[in-house]
């Protein structure tokens, strides 16, 4: 048998070198056939030891344990592995589904490039022991000799024969999907088997002889690299043969057969070998209940015998994708370090599937932050396959809770015969309880009515009202909880009580059943005595429900209510037995039996426990916090309410439109708009309104409609039209009030808010200024200003709620989407019910409040129990991943109190002590001057005066009661929104930013000086403070100093020495650094070396020093920006090294960033770079990369020059943008696409970043504006200025 030789200076290991220098597999030597052309492989060779090919490919890959591996050697191995890993990554990109290795010369040439990689690798690592090579290296080591020394030479020599593998009679679909290498090897195995069978004319006898060795070696390779073969009959290969085809095989002599089956000669042997192979595998020692851990140790699992493990079905799924899963090991490692998900072991297949799925669902939350999009998508695909297994196995239908021994902890526990509800069902049921909010009031009516008579009366309004509410509740459960009509046992006893107490009497057949005996029941009602007054005990149900809402012994109270209702039936049973017909007693017993069966089904014992009353009377202890970490909201949202989509500013605004808009708005801004008094001089309101109408007509056809202009227009629309006359009555007082220092501070805070944060900024302004205006100017003025602010906020975001629009006592969302509002409404339903009852406690005047103060404690205690459920349900929103702010002053009032063992007692003690000081003369005087002045006494009006009341009584209360009552009342009385923070989150005042970058006054003043002052004037401005400061109330402006002339030569040398740290990374525009693979090293160097070096300089070159630090900080220390930079970095880096990229950035390198003209030069230079490179970057890297580059360069340009404008990039018509931040479906969230406000003044947008507390939970980098108007900024200063 002849083989074409592959010439080389030295043959690879495990091969035999023929005398003529050609290479053949080592096990061909001495096999009785001359495979070398000179026959040297069959000549006796003394002193030479060879190794069989099958021994090579099956050699162990782990010669030692991890403990024997030196760290330095492992690093060396990893470095030596890089060429092979890179080669395999290129192979993974090949499309082997539509192209065959045996017929495609392109694919063959790709594999030839890797033929010497193992030799190079072995020379690189030398004689290492105990270290684990990369799994890809192991796989290629098994495949290389087979491919390069056997398959490739044979395919080239007999190309015509192997191309016949494309024959339609050969089934090419039977390949492994484990990995590209597995798919390749199994496709060769299938093709050679087929060619051996059909023996096409294009195959010579030499070619036919080559097929069998190749096929046999593929079997070894498939086993060695742990390929998962497709499910097919192991004993035969089926081929579809054309009737006209002549076969040279002896088995094809029968022309009548359409199907030719070639039986494997060693069927039983192969089966036995497979079983032995499975049995010989080591036992599975990886805990697959930890989903991410199983992905990290994928090869260990797939090489183990997991057939008897409950997780075997999952192991089959992940092992089918083992190489693809293994590529993202870094992702799994990072996730394991941070995720804290509950791990539940399993004893059955269904338990394993559900446990794995739940654990993976929890881990995905962390993976979204730590892993690449491709890794996330892979996990989502895997989760979908597990879901398919759950559905196919009917795990949800067959799932039954294992019988548990009763917990002997002294408490009362239900023993329901129903399966436990899932977390999603529990959350859905909590939402349905909203339908029963009014049921408690209706139940109290039974105390004055005859229970049986009302049920038997078809026209009973009480029963009809109760059953109407219950019908809506049941309809909600059917639609959102019991979709498969399978009931479950609720953890919330209120749901169970509703079913026990209401289902029997509200069923369609119950009332007609008793209505037949109404005459008898009516007679019983008129003759009722103490023994037959059965409904009297039902009066306690209202109080029982009240206690259950507070979370007090819910399970025990449920059964107590069940026994009360049953006793009522028993009482009626005795009366009916004595005075009614036998049919009436039978029908009543039928109804009682139905109710009893429901109670026992929900878990109540048939006989009441002897200590039931004692359990209910016990003090309530604060439950231990749940150890299971919060998960993304799994509650099914209620139907999304119809809400108008908030306006989005148009991004298409040409230079001509910008100039036209400047001219239109200039006359209006000359009146100096003000957020409270409309304009700086309110008496000129008529002239200002004329200018506003002119502005409207002028800008009607303009494409430039920035958000701030919309808000300003809404304010003027209100002040100049419908509320003009009212404004003229209160304008003087509003103007005077706006001069007060506290109000001026409010306006300053508002000025730092961007239009995109209008809702939050407007709420702060409203809560801060309205009380002052109300006190100084009266309610009419306060109402006018409140409407004025609301118009501004709603013009920018129609969903925004400000001031009185915020419902009292409810959990609300600020700046939330319709989907987020739906989640809040759903998760907060029980809390909102309690909040509505808090409002009732504050009605009726001060005496009523003091009387009801005892009822406030249990209400708050109930809220404490429900707060944790709410935070778990809405955890995703509370993490700060979106701009949605969840607010509840009631929840914040309970912060700290709810952590005590007895929250009700703590609140009761503190508030009772506070109002117990009413006998103190000074305390009484404080009440008369604040609370007693209220005409309408409710929680909303009380909040307006409580701050003054607290300040007045503080000394007395602290001396007698301590600080706690003050803290509770402050939280309840705050006029601001009360953001709910997740568990253990630090408390940061929402209206006090933790870090302030250059203030609005600085930015505005710099723009003003550009248009109104000389350059020399601006240079004389005082140096800007570097610490966070309260905006000055004077007209003095600030600008950063630029000591470019006073540093001297030594200062320049020190600065340039710091810059050398950047030079080693080839610092440049567009890609920022030359090698995109070194971002981690660059950021480490910048934070540890470069930034401290520059900040330590005695003399800094500004603005170059600050701009350089600001640019690096905005990338390296913002996780999302750094992630995007790494995502696009390789492509951007390659572009900057291309001829086109070099041409675009060459002129930028000529800019002297230390020169006094650098701000203007940098602005022009960055603009030129962006104009030159945008289209090419879009072609190479996509429009997402363009937007990323634009964002960081806009920030860089503004750090040099606050008034710099970059031309906004526009996508080409045929561009396609790939969303690299796609979130998996299980998260229920899609990425928020932020449309940049192209005409927003840069000062406002920069101010937005100042106003928001920067923390680790920030999920998106600050949005930089792309357009700024110098003249508009100069004219708008009075709009935000302090008076």
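Even glycines carry a Cβ here, placed using N, Cα and C.
Per Swiss-Prot, the N-linked glycosylation site annotation among the candidates 79, 938 falls on 79. Swiss-Prot assigns the feature region 'Disordered' to residues 621-651, out of the candidate ranges 621-651, 652-682, 683-713, 714-744. DSSP gives residue 79 (N-linked glycosylation site) a helix state. When the recorded positions 18, 36, 79 are ranked by how far their Cα is from the Cα of residue 11 (disulfide bond), 18 comes first. DSSP classifies residue 18 (disulfide bond) as coil under the three-state reduction.
If you take the Cα of residue 23 (disulfide bond) and the Cα of residue 36 (disulfide bond), they are about 8 angstrom apart, rounded to a whole number. Per DSSP, the secondary structure of the compositional bias 'Acidic residues' (34-45) breaks down as 3 helix, 0 strand, 9 coil. Here residue 36 (disulfide bond) is positioned 37 angstrom away from residue 79 (N-linked glycosylation site), judged by their C-alpha atoms. Across the domain 'LDL-receptor class A' (10-46), DSSP assigns 6 helix, 6 strand, 25 coil. In the structure as shown, the Cβ atom of residue 23 (disulfide bond) sits within 10 Å of 22 other Cβ atoms. Compared over the disulfide-bonded residues 11, 36, the count of CB atoms lying within 10 A of a residue's CB peaks at 36. Looking only at the coiled coil (332-389), the predicted model's pLDDT averages out at 82.
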